[in-house]
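S.K.: Encoded as structure tokens, here's the structure I'll be asking about.
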Amino acid sequence: MVNVTYDPASGSIQLHQPEDGPVVAVYSPGDLAWILASTALVWLMIPGVGYFYSGLLRRKNALSMIYLSMMCLAVVSFQWFFWGFSLAFSETGSRFIGDLKHFALRGVLDSPSIGSPRVPSIIFCVYQLMFAAITPMIAIGAVAERGRLGPLIVFVFVWSTIVYDPIACWTWNSNGWAFVLGGLDFAGGTPVHISSGTAALAISIYLGKRRGYGTERLAYKPHNTSYVILGTVFLWFGWFGFNGGSALAANYRAAEACIVTNLAASVGGLTWMFWDYRLERKWSAVGFCSGAIAGLVAITPGSGFVGAPASVAFGVAAGTICNFATQLKFLFKYDDCLDIFASHAIGGVVGNIFTGFFAQADVAGLDGITVIPGGWINHHWVQLGKQLADSVAGLSYSFVATTIILWVMHYIPGCRLRLDNEEAEIIGIDDAEMGEFAYDYVGIDAELGISGAAETAYGFRGNITTGGREPDHNMSQSVSESGEPTKEVA
């Protein structure tokens with residue numbers, strides 16, 4: 001039985017231990033309501049990532065990314081129940097990973113959480129689950145257009161256990177080495193963004209380049225800019241719960257986290273868009289959305305530690321550095337088609353470093369509990385070194401561990417992530433792996449290299465149709481890469 005009573009004067013919930021014993025914890029219904037609402041906000045971010053990624057790809061791969069967002073949520077929900085929460089947040093864990101004290105959520109209910117005495121462990125558990133679920137989703141966007149969907153179920157479970165849970169433990173668990181060292185990471189600069197962005201780099205290198213890499217076939221624009229904007233809306237909206245909810249109470253610190261989150265996103269979006277305008281003289285919606293995400297990523301670790309003026313610097317730095325970091329894939333010749341490493345890993349490092357500069361003791365103390373020495377703005381010079389140590393550790397561990405997971409799975413029958421044949425990549429992941437489609441037809445003109453002359457000669461516009469599908473203009477001929485007619489399109 002849960003031994004709780006309600007204080008009629010304040011409306012607070014009082015936890016007794018044992019029954020009819022002394023009050024051991026007092027919970028405010030307002031705090032609990034805010035964290036539960038923040039849980040729902042962060043949940044919405046997960047399909048937001050799916051829509052954002054989907055819009056940036058070609059239409060033949062559009063559905064798979066939206067599906068992966070929900071698959072990721074489902075797999076991590078089970079993993080978190082099974083042992084993920086215990087590995088990250090057990091009170092008796094080591095400096096690097098927790099133990100199985102809360103295996104299958106044993107003992108996770110009414111007692112004060114390890115995150116805050118103001119929130120019971122069951123609410124803290126479900127809130128942190130959303131962070132655990134969105135992190136691998138950010139990473140597996142790197143499989144876009146060339147990865148198999150089935151093995152990703154295994155990969156997400158294993159990666160969450162081996163990569164995310166240890167990093168979350170050392171960052172947020174009171175026993176973790178980074179926490180004890182004094183690293184400042186309010187809402188997931190290292191556990192969420194650096195770990196996922198670096199994992200995406202490892203995945204991109206492992207999978208190799210897509211078919212047509214380095215040619216005009218991959219010089220395509222996002223197939224659905226509306227999806228990109230919709231995904232950004234979901235993410236921006238949910239980020240109020242992501243950062244604001246990390247105060248683990250409805251207080252002034254949560255409000256400060258919300259205001260700096262919104263401001264950094266706004267400035268980041270404008271900055272990235274201005275940088276893109278200098279090249280194409282166009283006001284790019286995709287550029288604005290990319291910058292907004294970069295600003296949100298950067299402000300995440302510092303959102304509970306910095307003031308509003310500093311958040312402007314976060315946005316400008318993220319919008320600039322992440323924009324130029326997208327060129328790294330051309331310099332080092334890896335195929336990160338969604339720029340996940342540039343936006344999340346680099347953005348997370350920018351956020352960690354800037355937190356070392358701009359963290360303020362008085363902002364952190366707005367919750368009435370937290371006491372920190374601050375960053376450089378408080379003349380606490382060593383804080384930057386702590387932030388760098390945390391960032392480098394997250395980058396290194398995630399890259400090495402992810403690479404090992406990928407190559408172990410590579411040699412397990414049925415678990416290899418790379419598509420086995422070129423035909424599957426040509427027709428798209430949606431058809432090859434799902435047999436379902438986001439649209440009534442999927443254009444493959446660019447993939448097959450169809451010219452205007454070929455279209456005229458064969459009366460065919462290179463469309464794979466779906467449902468009760470018929471080729472364009474009721475023609476039944478397709479065209480091979482050599483321009484010769486091939487088999488019927490069924």
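Numbering starts at 1 and runs along the chain as it is shown here.
Glycine too: its Cβ is placed from the backbone N, Cα and C atoms.
Note that TrEMBL annotation is computational and uncurated.
Residues or ranges marked as compositional bias 'Polar residues' in TrEMBL: 474-483. The annotation domain 'Ammonium transporter AmtB-like' is assigned in TrEMBL to 33-439. As annotated by TrEMBL, region 'Disordered' applies to 463-490. Annotation source TrEMBL lists transmembrane segment at 32-53, 65-85, 119-140, 152-173, 179-203, 224-242, 254-275, 282-299, 305-325, 337-359, 394-412.
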S.K.: Based on Cβ pairs under 8 Å, which of the stretches 32-53, 65-85, 305-325, 337-359 lies most in contact with the transmembrane segment (119-140)?
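M.R.: The stretch with the most contacts is 32-53.
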S.K.: So are the transmembrane segment (224-242) and the transmembrane segment (394-412) touching or not, going by 3+ C-beta pairs under 8 A with a sequence gap of 6 or more?
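M.R.: In this chain the transmembrane segment (224-242) does not contact the transmembrane segment (394-412) - fewer than 3 Cβ pairs sit under 8 Å.
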S.K.: With pairs fewer than 6 apart in sequence excluded, do the transmembrane segment (65-85) and the transmembrane segment (179-203) have three or more C-beta pairs that lie under 8 Å?
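M.R.: Output no: the transmembrane segment (179-203) is apart from the transmembrane segment (65-85).
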S.K.: Mark yes when the transmembrane segment (152-173) and the transmembrane segment (394-412) have three or more Cβ pairs under 8 Å (sequence separation 6 or more) and no when they do not.
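M.R.: Yes, these stretches are in contact.
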S.K.: What same-chain residues lie close to the transmembrane segment (152-173): Cβ under 8 Å, and 6 or more beyond its ends?
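M.R.: 68, 71-72, 75-76, 78-80, 83-84, 87-90, 93, 95-98, 114-115, 128, 131-132, 135-136, 139-140, 143, 179, 183, 185, 188, 190-191, 195, 199, 390, 393-394, 397-398, 401-402, 405-406, 409, 415, 417.
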S.K.: Which listed stretch (254-275, 305-325, 337-359) has the most C-beta pairs under 8 A with the transmembrane segment (282-299)?
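M.R.: That would be 254-275.
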